[in-house]
Amino acid sequence: MRLALLAFRLMCLAWLWPLTHNSSHSAKKRRHKEHIGESTKQKHGGRVDLKLKKLDSTKSLLIKSEQLLRIEDHDFAMRPGFGGSAIPVGIDVQVESIDGISEVNMDFTMTLYLRHYWQDDRLAFPSSSNKSRTFDARLVKKIWVPDVFFVHSKRSFIHDTTMENIMLRVFPDGNILYSVRITVTALCSMDFSSFPLDTQNCSLELESYAYNENDLMLYWKNGNDSLRTDEIVLSQFFVEDFQPSFGLAFYSSTGWYNRLYINFLLRRHIFFFMLQTYFPTMLMVMLSWVSFWIDRRAVPARVSLGITTVLTMSTIITGVTASMPQVSYVKAVDIYLWASFLFVFLSVIEYAAVNYFTTVEEMKRLRKAKIPDSYDANQAMAFDGCFHDNDIDLTPFPDTTSTSNTERNTQSRNSTVSGPTEGTRLRRKHPLLQNLSFIMSNSYMIDSYSRVIFPLAYLLFNIIYWSMYAS
């Protein structure tokens, strides 16, 4: 009986043993999770950091890629083939846009896709399908990449919307394609001697920062086809040519470096400056000629017209100068503006001469005339700046025309009849001085000559100017 009871107990224990073991194991797991949760809350101030969980999941993916590429087995602080020949790095550039060109700062801003090609046997991996693997910026920080930088750059950045615009493609044989999207602002030494009829030659220069030609050899991947551009439209320039080139740069402390050039030629559109500068300047010069057809006694009209054109030309010159860099040489637009300003200024000086000679002529006539007591000379001068013949009684004067003709006939007869007496010296007036005195005594002729001389001189200046700079 006892033996049967003991056997029954043993059977019950054998049946209950698996259930007891499973419940104790699950209790231990629950206690372990609770312990981890409490320690995490203590670390992060009573909350579980969701970003930490996200990084953990990402890290698990990176570990698989690192294991495939054996990143932990190599020192990627050293270049591929360290100690041997220089590693060749091919460059391929696609220009997306030229965002801006500044004459004041002498620089340009360009957005481009910069692609690097090289081989690193340390990243080779086995693949039955011979397909490449593509990664983003997270793996780039763990391997060696060329340290290419832009010479003479002022500002540059890698686009990061919505992620960093970096692509790394690794092929099974170790060939690597590394591509970045960059916006760079670089220096462009411009020559404004022909502005705004100028063409500018700018270049973007690429070079390795740390590795000289003994360690890294930069070259264009596909020759002249390595530089590709989309259709680029600029407001003030027309892009005439894009051309890649190659050269060497020497630094006294570190040696020779390979340097790649992206050269492009810019030709300025002239139509904007024709509307804003040249046409208004021409109109102001022509407007100053209107004073030649206004009566010389209308002092307020001619003076105000001359001063207005001078001030307008000064405003145009100031506006053009403010939008240009402060260079120490003369530009083409400066020559045109200052020559036009000279024509406007001379038109004002011309009227000053006309008014002066007119006043001198009338003063001479007043000395010979009988001035009435009621004539107020100061009042006449204050009105328009010159005397008037209408206010003077010139009746006592004989007919000057008949008198002068009679005297001229008498002199001619005397000259034909009797020659000069012995011992007398004859003097002939210089024709230039004679003509000048004649013009001074007939000041109205200055306006008559100016109506022809000024337009012809300005037309000749324009022909010479545009033939020199527009070709």
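Heads up, the Cβ atoms here are built off N, Cα and C, so glycines get one too.
Residues annotated as signal peptide in TrEMBL: 1-22.
Annotation source TrEMBL lists region 'Disordered' at 27-47 (among others).
TrEMBL lists 35-47 with the feature compositional bias 'Basic and acidic residues'.
Sequence annotations record features per position, and here TrEMBL assigns domain 'Neurotransmitter-gated ion-channel ligand-binding' to 71-269.
The feature transmembrane segment is assigned by TrEMBL to 270-291 (among others).
Here TrEMBL flags 277-466 as domain 'Neurotransmitter-gated ion-channel transmembrane'.
Here the transmembrane segment (303-323) has Cβ contacts under 8 Å with residues 103-104, 277, 280-281, 284-285, 287-288, 290-291, 294, 333, 337-338, 340-341, 344-345, 347-348, 351 of the same chain, all six or more residues outside its ends. Positions annotated as transmembrane segment by TrEMBL: 303-323 (among others).
Within the chain, the transmembrane segment (335-358) has long-range Cβ neighbours (under 8 A, six or more residues past its boundaries) at 277-278, 281-282, 284-285, 288-289, 291-292, 296-297, 299, 302-303, 306-307, 309-310, 313-314, 316-317, 320, 385-386, 439-441, 443-444, 446-447, 450, 454, 457-458, 461, 465. Look at TrEMBL and you will find 335-358 (among others) tagged as transmembrane segment.
What TrEMBL lists as region 'Disordered' is 398-424 (among others).
Taken from TrEMBL, the feature compositional bias 'Polar residues' applies to 398-421.
Per TrEMBL, the feature transmembrane segment maps to 449-468 (among others).
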Tertiary contacts of the transmembrane segment (270-291), as residues 6+ beyond its ends and Cβ separation under 8 Å: 196-197, 236, 301-302, 305-306, 309, 312-313, 316, 320, 333, 336-337, 340, 343-344, 347-348, 351, 450-451, 454-455, 458
Arithmetic mean of per-residue pLDDT over the domain 'Neurotransmitter-gated ion-channel ligand-binding' (71-269): 92
